[in-house]
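Feature annotations, courtesy of Swiss-Prot:
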type	residues	note
DISULFID	Cys26-Cys38	disulfide bond
DISULFID	Cys32-Cys50	disulfide bond
DISULFID	Cys37-Cys78	disulfide bond
DISULFID	Cys60-Cys86	disulfide bond
DISULFID	Cys80-Cys95	disulfide bond
SIGNAL	1-19	signal peptide
Amino acid sequence: MKCFAQIVVLLLVIAFSHGAVITGACDRDVQCGSGTCCAASLWSRNIRFCVPLGNNGEECHPASHKVPYNGKRLSSLCPCKSGLTCSKSGEKFQCS
């Protein structure tokens with residue numbers, strides 16, 4: 001009986017769901033607004049989102065420093081904001 005109830009709930013969820021809408025999706029930096037870049041998703045490199053540029057103390061990718069970048073970014077991290085640099089801090093890279 002418990003399994004039957006779970007199946008009914010699952011079918012109701014499927015019937016009333018409308019699918020996911022991805023806002024801020026992009027392919028390249030030029031599609032994003034000022035102060036953002038088009039970074040790859042952590043879950044799938046084929047999905048990209050407009051993400052804010054890194055602030056002081058936030059994690060960054062050392063090879064990803066040009067905005068707008070003409071190609072497709074492979075990193076899920078944006079470059080640092082203007083005036084900040086991406087430098088190694090312990091085990092990771094941070095904007096400073």
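Every residue gets a Cβ built from N, Cα and C, even glycine.
All features noted in Swiss-Prot, drawn onto the structure.
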residue	record	CB count, 10 Å
Cys26	disulfide bond	20
Cys32	disulfide bond	23
Cys37	disulfide bond	25
Cys38	disulfide bond	23
Cys50	disulfide bond	18
Cys60	disulfide bond	26
Cys78	disulfide bond	28
Cys80	disulfide bond	24
Cys86	disulfide bond	21
Cys95	disulfide bond	22
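Annotation note: Cys95 (disulfide bond) sits in a strand segment as assigned by DSSP. Among the disulfide-bonded residues Cys26, Cys32, Cys37, Cys50, Cys60, the residue whose Cα lies closest in space to that of Cys95 (disulfide bond) is Cys60.
Here nothing among the disulfide-bonded residues Cys60, Cys80, Cys86 falls inside 10 Å of the CA of Cys50 (disulfide bond). Here the CA atom of Cys60 (disulfide bond) lies 6 Å from the CA atom of Cys78 (disulfide bond). Cα proximity to Cys38 (disulfide bond) (within 10 Å) is found for the following disulfide-bonded residues from Cys32, Cys60, Cys80, Cys86: Cys32. The subset of disulfide-bonded residues (Cys26, Cys32, Cys37) lying with their Cα within 10 Å of the Cα of Cys60 (disulfide bond) is empty, i.e. none. Distance from the CA of Cys86 (disulfide bond) to the CA of Cys32 (disulfide bond) is 21 Å.
Ranking the disulfide-bonded residues Cys26, Cys37, Cys86 by Cα distance from Cys80 (disulfide bond) puts Cys86 first.
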